[in-house]
Amino acid sequence: MGGDSLSCGPSTSLSPFPSSPAMDRRVSRRTEILTNHLLRRAPPTSSVLHPHRCLSYSPPELSNEFAFDAREMRRLMDGHNLEDRDWLFSVIVQSALFNRRERAGRIFVCPNYNQSMEQQREATLKRIEYLVKRGVFRGWLTGEAPEEELRKLALNEVLGMYDHSLAVKLGVHFFLWGGAVKFLGTKRHHDKWLSATENYDMKGCFAMSELGHGSNVRGIETITTYDSNTGEFVINTPCESGQKYWIGGAANHATHTIVFSQLNINGSNQGVHAFIAQIRDSDGNICPNIRIADCGHKTGLNGVDNGRIWFDNVKIPRENLLNSVADVSPTGEYLSAIKNVDQRFAAFLAPLTTGRITIGVSAIYMSKISLAIAIRYALTRRAFSITPNGPEVLLLDYPSHQRRLIPLLAKVYAMSFSANDLKMMYVKRTPESNKAIHIISSAYKATFTWNNMRTLQECREACGGQGVKSENRVGHFMGEFDVQSTFEGDNNVLMQQISKALFAEYVACQKQNKPFSGLGLEHMNKPLPIIPSHVTSPVIRSSEFQIDLFHLREWDLLRRFAEEVSEYQSRGESKESAFILSYQLAEDLGRAFSERAILKTFMQAESTLPAGSLKNVLGLLRSLYAVISVDEDATFLRYGYLSTEDASAVRKEVPKLCAELRPHALALVSSFGIPDAFLSPIAYNWVDSNSWSSQL
């Protein structure tokens, strides 16, 4: 062991070395150690090794007082349906189906990632069936009131906090399949499918992406034609690049799918439309003329059975066209009240908006879990002493550790207010607000999911080696949630779409000489903000200075983007080519739009509160969100919104704000309202949970 040979038994002439009392003692000691190890006995205490007192765990609650009402802060953060959330937390924690386990006297729930891919998929299915029986999904599709939609969103957030695979499989079934039937279908589809979907009597999936086309949905290659002789549509996969790919639920469990396909009527392509097709019977047998293959093992989400689908002359009834946007008569006449092809296409993508909202909000909650774990650990874990024979220092008392975690905490608070604002816009939506919801949800989905991955990485590192253990969740989350930057719209593509929409608003207002209205752009109707020079700490912390600076950045970047696109067009480039060539400004503008919207909603939430400790802490968080956003974006210096001296002053404010928020760190993560069982052992007594006795 350890590079040395191990002698067993007395020395004999076979040994090249003579025996000695010291060697005999070493052999006896090694034998004792091996015996204890093999018999799983604790080693005897030694009176020799007592130069230092052993480390012990001290709950952070003993030394960190709460200066504000954490329950009230949670109400602000969650925004709605707190009792429903807590009910579902309890349902999960109390059921053995959710892999309950005990560590150091606490119960934790987390999927068993040691299971095979097949086992994880079956576990996900069993959990869904159990949740159906508990009434979790009541009203998810048949409910119409905003209150029912908010309940659905709240419960979906809780499920995602337990397991991303569970949330994604449910999201495909309810939000994508169910949402398509509800929003793109009409009464005949609603009557036939919505209750069956809500009760999980059938299992739906959503076949949009293809091997050759993901973000570019317009280019999908699946073809559907209409046979007026039989009154049927015929769906075909014309080539290998047209196979449906990454279809959640398709590999094992889904019985039906929404097929997005080019619709060809009498030789004329009418663009992308949505159809219902059955892919399995009730016994799970794949239907005729359907081929399905598994996408295989993934870096995360292995509880979701992603599959690939080929259609070989699959015939479906004419009534299976989701016809709220367009229809085909029995004789084969194409009918649509929306004559504009682009508007028709946009209408067919409506179900994706819900998905972007739920993905973005899910990213915030995963950031909350990882920050709660990392900050609680940093409030009890010590490293190095700074005085001779002095105590080791708590990780969160190091300014560098504060700088790693507390700005991310401020961002999560800021984004929580924005997420709640977006959800309220969504549940109260009108035809007039749909465009704004689409743009804002795209911006937030990209911003929140990118921030989540950065947060997970920082929290994983901040937990050291413990962050790598799957039971401590944070490290494993990185593989589970990385895909959020890709599905429901690649983040970089979404940011460019946002800039295109802002460009269109800018050009329309310029041409028609009308004021900006909507999307928070009303500030562009006012004179450019004047940023003071030689800014001081009180100025930097003022909400007026912060929003003026964010307005200036957005205003100027939109102008620069419009001018650059126009310049490329004047050189003979097409409009689309000009957008592509202006991608750097497009990405900067998308970021500016998103961060300004987030800051604005934070300020609005803060303004509703009475003076007191809660408002004071939120003011610190809002200032930290603003200054860290400025410090991390080079455009403020690149385009002269701040001088180098003022940028330096802003940067120096970051550690000051971190230090002022340090005493509130425990209260701030406790305000997330996340049950102990949804965190991890290192968030609590990490000494006992790793003790020898806990392994027995």
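Cβ coordinates are placed from backbone N, Cα and C, and glycine is handled just like the others.
Between the stretches 1-26, 209-234, TrEMBL puts its region 'Disordered' entry on 1-26. Residue counts for the domain 'Acyl-CoA oxidase C-terminal' (545-679) under DSSP, helix first, then strand, then coil, are 111 helix, 0 strand, 24 coil. Sequence-distant contacts of G248 (FAD binding site), defined as residues of its own chain at least six apart whose C-beta falls under 8 angstroms from its C-beta, comprise V168, K169, G171, V172, C205, F206, V304, D305, N306. For the domain 'Acyl-CoA oxidase/dehydrogenase middle' (205-314), residue counts in helix, strand and coil come to 6 helix, 54 strand, 50 coil, using DSSP. Around the Cβ of E488 (active site, proton acceptor), a 10 Å sphere holds 25 further Cβ atoms from the protein chains shown. Confidence for the domain 'Acyl-CoA oxidase C-terminal' (545-679), expressed as mean pLDDT, is 97.
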